[in-house]
Structures are given as C-alpha cells and as structure tokens.
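J.: There's a structure below that I have some questions on.
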Amino acid sequence: MGKKIVILGGGESGIGTAILAKKNGYDVFLSDKGKIKDKYKEVLKHIEIEWEDEKHTESKIFDADVVMKSPGIPDKAPMIVKLKEKGISVVSEIEFASWFSEVPVIGITGSNGKTTVTNLVQHLLKEGGINSGMGGNIGNSYAKMVAEEMHDWFVLELSSFQLDGIEKFKPHIAILTNITPDHLDRYDYKLENYIASKFRIAENQTEEDYFIYDADDKNITDWLEKNPVRSQKLPFSIEKKIENGAYIENENIVVTINNTKFTMPTSELALQGKHNAKNAMAASMVSQLLRIRKQTIRESMASFQGVEHRLEKVLKINNVLYINDSKATNVNATFYALESMESETVWILGGVDKGNVYDDLLPLVNEKVKAIICLGVDNEKIVSAFGNIVDTMVETTSMSEAVQMAYRLSDKGDNVLLSPACASFDLFENYEDRGRQFKEAVRNL
C-alpha cells in the first residue's frame, strides 16, 4: 500500500480521512474544488496537512498512490475518470478507515429509516452497557472515530454513495431497511444500479456475519433470489410470520433468533407507525445478537426519543401542530409521513427532484391534504401531479414565506407538515438547514 494519499473533498469524510492517514504515516494532500469551511481549515492547519480549495492541482493529485473520494463526488466526475484511467486506486472513506480497525461494525443502509435505526441501535447498545461509537453518514466520520476513539463496536449509517467506494469493508451485522427509488440521478436513472449499490453492504460478508432486511420489500426479496448473500439472513416483516427473524403477531413484535424468543407490545414503542415497528424489529434483532437483556431492550425501545428532522413535532400554535420532516428527501419517506397524519394537513414540499414519481401519494393526498405549499425553484412536476386533487396550491421561494402561508391556510385541529420528498440543495445547504429554518420560522409566527 502506497504512502501518498490525496483526499478529494474537505468535508466530514475528507477531514476524518486526513486525521487517520496522518496518524498512520501517510503523506497527505487534501484538495477541494469548492470552499472548505473555516472549522475544517483550522483542523488541517492544526495537524499540519497541505490543502487547497476552489481548485484541483492535477500534478499533485496524479502523484498519489491512493485517492480518497468524498461521497458527494460522482464516479463520472472528470477528475475521477482521469484517476481511474491512470490506474490510481480510488476508495471511499469507509473503505480507507476499515484498513486500520479490527473493531466489529454494525452497518445500516436503506432508502429510508436508516438514521432512525442507527440512532435506535446506538441507544440500545448504550443502555445495554456496550461501549459503541456511532457515526458514518451522520455525526462523526468512521475514519475520525477509528483515529480518535476506542470502542468495542461501531454503529455506522452508510449511504449508497459511501458503499460505492468499498473493496474489502464488511459489517459483522448489516441492516438493509428498504429500497425505494432514490438518487437515481447518480445511477443512470436505473433502479437496478441503485439496488446493487445498497447490496454492497453484504457483498464481503461471510457465513459468520448477519444480514437483517425487510422481507416485505419486493426490491430486496427479488434481488436476493437472483443474488444470494453468504451471511446468515434475518428477515423482518409486518405481513407474514417469520421463523428465524422478526414479525408482528397480535400487536406484538416477535423476534426469534436461534430459538431465543423476544416479544414486546407495539403499543409500548416510543415511536409509533408501521415504519417504526419495522425499525424497532431491525434494532431488536441486533440487541438479541449482542445478548442484551430482554428487559433492557423493552425499556430502551420505550424511552427512545427519535431523530431531529424526522416527523419531529415542533410547536402547537392556535391548536395547529407544526411537524418537521425535512429528512424526507424522497417520495417513500413522505408516504410514511402522510400515512401517519391523523387530521387535515397543510403540506409543504418541493426542492431538487431526484427523478420522483408521485403516483403512490395520490390516494393519501386526496384523503388527508387540504392545501399544498410548494417550496422550491422548480415546482412544475408537483403542480401537475397534485393540481387536480388539491384545491389550494401556492408557490413560495423561502421558508419563512412558506410557513406564514401555512399559518394562513390552516384551521384549528390541522397539521402543518414539512415533508419535502425532494433534496434541499436549491434553496438550502442541506436537509438539516431546511429543517432548522422551518423550526425557526414556526417559532417566529
């Protein structure tokens, strides 16, 4: 393995890789075509790493033995294409970090639910007295944790972009929450390319490892039939009985792994809704595998607080509940949000469309949505999808304008739901920025 690493991208992944590479004696150069945030520049200066931003100096980059590409950079980017033509190894931060850690990993991926499951697994492990570190696609990068923290387990949320650049990395326990069309712009608009990317989480697993997945998801089950995994399969379902895995019977979650049984009433789960029952099943299987006490699992499931920007109740004003679901960046996530609404809803949506098809939402929108507020630069697809079934549709260009409009259109007992079904990069930095702006606008009403 060469000792000269070039890191492309100066965000969380890039900085974590720089710290870890430096610690392991690499000659490190970091290059970002955009602007590096000041807080990251401080870290680079502190650990004495050479860097550049707002440009790529090719002579320095092509001198690398290995290149770490941040997940935001597509494989088709001209720089990546050139590197591969020159035979220079290009890996992801997840792959690079795994070279320097023997600590077992619980890896969680999926189109939706992965952040909730990651947080829930971490909550269960902590309550169960297990020393685990959580990161990956949320919080600290895997590389930074490997460099700076000592744990017995890592709990990692993994995006398809992070999985695209792996070679040998494997989690001991892999969870695939579901697969619905998402990020298709990065996968030649082919769903099978995106599914293949998600399944990379299991491709290096052996018979000693575990693969937890949603048996109700046709995209997953069809793929598994044609592309079997080597690991031990633990499915979960809310539709059918599962012998070795998890299912629901008489309003109870039932988990059976190697003849050990765990049950819990769904009514006691802190997070309600069908999708959260699935999240709970996935996380409770991990707890069973790690032999956490059953009583601890039950108590932890009941006390879990949920995730910011995911169906987060913000405030009630004039008996109207404002709900922040900014993390819903695709249609499937928004489907779950609308499904869980129990009263008339003013729905704020829009942003960067990732090849969305809105057909699945039509029955729910017809039943529950009284007004739609578009928040995005281009709302044409939304207007044509829902214009015939929702009487009131308004286009806005800022969060404060959208929230004020929602305030005007809502009546006592209604919900105002921000669940955009789109990415956030047209008007906001990211979905967190979008969610924070929503909460601020609600508090300013």
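We count from 1, first residue shown onward.
Just so you know, glycine gets a Cβ as well, placed from its N, Cα and C.
Checked Swiss-Prot, it gives:
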BINDING   Gly110, Ser111, Asn112, Gly113, Lys114, Thr115, Thr116  ATP binding site
J.: Which has the fewest other CB atoms in a 10 Å radius around its CB: Ser111, Thr115, Thr116, the listed binding-site residues?
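T.: Comparing Cβ neighbour counts within 10 Å for the binding-site residues Ser111, Thr115, Thr116 gives Thr115.
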J.: Work through the binding-site residues one by one (Gly110, Gly113) and point out the residue whose CB has the fewest other CB atoms within 10 angstroms.
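T.: Minimum Cβ neighbour count within 10 Å, taken over the binding-site residues Gly110, Gly113, occurs at Gly113.
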J.: Return the residues near Asn112 (ATP binding site) by Cβ distance under 8 Å, restricted to its own chain and a separation of at least 6 in sequence.
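T.: Those within reach of Asn112 (ATP binding site), by Cβ under 8 Å and sequence separation of 6 or more, are Thr177, Asn178, Thr180, His275, Ala328, Asn330, Asn332, Ala333, Tyr336.
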J.: Give me the long-range Cβ neighbours of Lys114 (ATP binding site): same chain, 6+ apart, Cβ under 8 Å, in sequence order.
T.: Ile108, Asn137, Glu157, Leu158, Ile175, Thr177
J.: May I ask you to report the DSSP-based helix, strand or coil state of Thr115 (ATP binding site)?
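T.: Reduced to three states, the DSSP call for Thr115 (ATP binding site) is helix.
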J.: Hey, for the ATP site built from Gly110, Ser111, Asn112, Gly113, Lys114, Thr115, Thr116, who else sits with CB inside 8 A of the CB center?
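T.: For the ATP site, the extra neighbours are Ile108, Val117, Thr177, Asn178, Asn279, Ala333.
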